[in-house]
């Protein structure tokens, strides 16, 4: 089942390959074999002959050819590499060189050797830091409702001070240059003075417009803060929401595994035909030739469908929370109740929404492929038009994704079909355009700051821990791995938080549209939102 190399550490670093005889064995030596007698005992016990097939196990200790046909001893302890089925030495330094040759990596071998050694040596620290980023993301989701108000007002004050300070400095420079430049009248001095005047006037206009916008948007910003506060309460009442990214990722991995398996089967469909070189290849005829396209469309559609199911599940649970007046009367598991409603009633809605995204995504991918193939061959006009089309399709895809998410929320509230829900959601969003703008700018920036905070905290902890590690030469790669994982984890968790805020906003907008707080038309919203 496994491939065993007689001399796995004999590496051809130029051609990135292992210069060693390779044998098929049923088991890898899991402990060091120090003599030919140990190798003979291993062969008799496990049925794996580690010497060349010319020698019988009984001849290992008596035949003089054994020194050339048997592995160099001591034979290092080795373990099978998953999927590759190669016996790899457990020893770190040898494994690093072995990995270079195994993956045929074209690079500076000594640098790669040190990088791989660094990752292998500090793997416990990497795992610990990845766990730390996970814990920090969960903590941030709980405490963000307490710090959102402070963050927003600090950001607002900094923006106002920055714009006023920049404008003041420009006017001061203009006045100073005008006074000091009255004695020297050169053309360059005049041009600089005029440029400063234009900059100062532009900065003044920008500052006035910015202050007016902030004055108009102050209540909308207050709404964003309130929504973040309520979103924190949602996660306290619905703790299973925190694990939503895990289930989605697990289902996506299962589907992608299935998709790759079917892709491999597709690669060997058709009739085996000998080619000109004497090898046999599988040639597809008829409808089979077009199954690749069908399979690729399936990949995009089902992936979008799984993500849409997550959005619908979150929307259903949050809608249940919002429109339950007495929170102690909430279902035992609103998440499971939401999944049940999704499976029973709303799979068609999710399928249609994800299919619309697929219809936009496929032409964009085709255009990107054409752009890649024609790189350097097309003229400037064609290149510009191609990029413009790709950009427009990307914008359309983002807009439809946002509309779909709100359509799923409308479906969760009213139990209407996809088209009706999309129309209702669109009308609500247009009626609350300024509020939407405030939430998408201020809210997204706050969540971005949260991601930066988690990555920086994890990176700082990584630097402090790796700094005291002495068994490697380079720890840049472990730190990059940790920071990338931290960003991915923070993005997954805070995207759920963003989803909850968006659902709460639509519920709030519908609540204020159809209720006014009078008897019989009481608000459902939290007191903070009132």
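The count begins at 1 with the first shown residue.
Any Cβ shown, glycine's included, is placed from N, Cα and C.
Under the heading transmembrane segment, TrEMBL lists 125-144 (among others).
Annotation comment: TrEMBL describes 150-175 (among others) as transmembrane segment.
Taken from TrEMBL, the feature transmembrane segment applies to 196-216 (among others).
The transmembrane segment feature in TrEMBL is assigned to 222-242 (among others). Non-local neighbours of the transmembrane segment (222-242) in the same chain are 138, 141-146, 148-149, 152, 314, 317-318, 321, 327, 330, 333-335, 435, 438-439, 442-443, 446, 493, 496-497, 500-501, 504-505, 508, 526, 528-529; each lies 6+ residues outside the stretch with a CB under 8 Å from one of its CB atoms.
Beyond the transmembrane segment (249-270), the same-chain residues lying 6 or more positions past its ends with a Cβ under 8 Å from any Cβ of the stretch are 282-285, 288, 291-292, 295, 298-299, 302-303, 306-307, 492. The transmembrane segment annotation in TrEMBL covers 249-270 (among others).
Listed by sequence, the residues of this chain that lie at least six past the ends of the transmembrane segment (290-323) yet keep a Cβ under 8 A from its Cβ atoms are 234, 237-238, 241, 244, 247-248, 251-252, 255-256, 259, 262-263, 266, 269, 284, 330-331, 334-335, 337-339, 341-342, 346, 349-351, 353-355, 357-358, 361-362, 404-405, 408-409, 411-413, 496, 499-500, 503-504, 507-508, 511, 524-525. The transmembrane segment annotation in TrEMBL covers 290-323 (among others).
Within its own chain, the transmembrane segment (445-466) is flanked in space by residues 122, 125, 128-129, 132-133, 136-137, 140, 144, 148, 151-152, 155, 228, 475, 478-479, 482-483, 486-487, 489-491, 494, 497-498, which lie at least six positions past its ends and keep a Cβ under 8 Å from the stretch. Marked as transmembrane segment by TrEMBL: 445-466 (among others).
Among the features that TrEMBL reports, transmembrane segment is placed at 472-494 (among others).
With a cut-off of 8 Å between Cβ atoms, the residues of this chain six or more beyond the transmembrane segment (125-144) that come close are 119, 228, 231-232, 235-236, 242, 446, 450, 453-455, 457-458, 461-462, 465-466, 469, 478, 481-482, 485-486, 489-490, 492-494, 496-497. With a threshold of 8 Å between CB atoms, the same-chain residues lying at least 6 positions outside the transmembrane segment (150-175) that come near it are 193, 196-197, 199-200, 203-204, 206-207, 210-211, 214, 221, 224-225, 442, 445-446, 449.
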